[in-house]
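**Student:** Quick one: structure below, then a few questions.
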Amino acid sequence: MNQSHFFAHLSRLKLISRWPLMRNVRTENVSEHSLQVAFVAHALAVIKNRKFEGNLNAERIALLAMYHDASEVLTGDMPTPIKYYNAQIAHEYKKIEKIAQQKLVEMLPEELQQDYRMLLDDSYTSEEERAIVKQADALCAYLKCLEELSAGNAEFTLAKARLEKTLQLRHSPEMDYFMTVFVPSFSLSLDEISQDSPL
């Protein structure tokens, strides 16, 4: 049986810092970001199913979110303003991401490739699944801004404003629910979020 370097590569996602051009009170890496996006995407899918007559596989969406930035272990994390500077750059970067996704799949033993291709390759996801993961990704970036601003880091002021516009564009009932019920807590201290539920 041949060795595979797939999971050794994925373990290096923790070495890739997000927000590399900005001063951070606390550095965030791609691995922890991916887990948070999985938490939020799963929640959005559950909210849609329970509150807004959705019919999504919330567990699959959590997995898609968990792997949504996996290709960055080969490409690195390109800052959003550069990645989307114009349509041509965005298009070319998408092609690079696609190649990286395929390279990751090819690292796996052949008998596992199709299972992971379904998670790594965007062409195997529905428009609705992609939309939920994109909403969660934008929400998590927004939450990072709130945390940095709460810690006194004004560096994230413009990023927060930009992400508010992005969230408006990706608006959905489930996102509104999440924003109303869960987001306000991210601006509170540990003592404030622990008051109602002491151990």
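Cβ coordinates come from backbone N, Cα and C, glycine included.
Since this is a predicted model, take the numbers as computed values, not measurements.
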**Student:** Could you look at D115, D121, D137 and say which one Swiss-Prot places alongside H33, H68, D69 in the divalent metal cation site?
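**Tutor:** The record-listed residue among the candidates is D137.
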**Student:** Calculate the distance in Å between the alpha carbons (Cα) of D69 (divalent metal cation binding site) and D77 (substrate binding site), and round it to a whole number.
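**Tutor:** D69 (divalent metal cation binding site) to D77 (substrate binding site), Cα-Cα distance: 9 Å.
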**Student:** Just to verify a number: CA distance, D77 (substrate binding site) to R18 (site 'Appears to be important in orienting the phosphate for catalysis'), in angstrom, no decimals.
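**Tutor:** So the alpha carbons of D77 (substrate binding site) and R18 (site 'Appears to be important in orienting the phosphate for catalysis') sit roughly 7 Å from each other.
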**Student:** Under a three-state reduction of DSSP output, how is H33 (substrate binding site) classified: helix, strand, or coil?
**Tutor:** helix
**Student:** Of all the recorded positions given, R18, H33, H68, which has the fewest Cβ neighbours within 10 Å once its own Cβ is left out?
**Tutor:** R18
**Student:** If you run the three-state DSSP split on D137 (substrate binding site), which class comes out?
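**Tutor:** D137 (substrate binding site) sits in a helix per DSSP.
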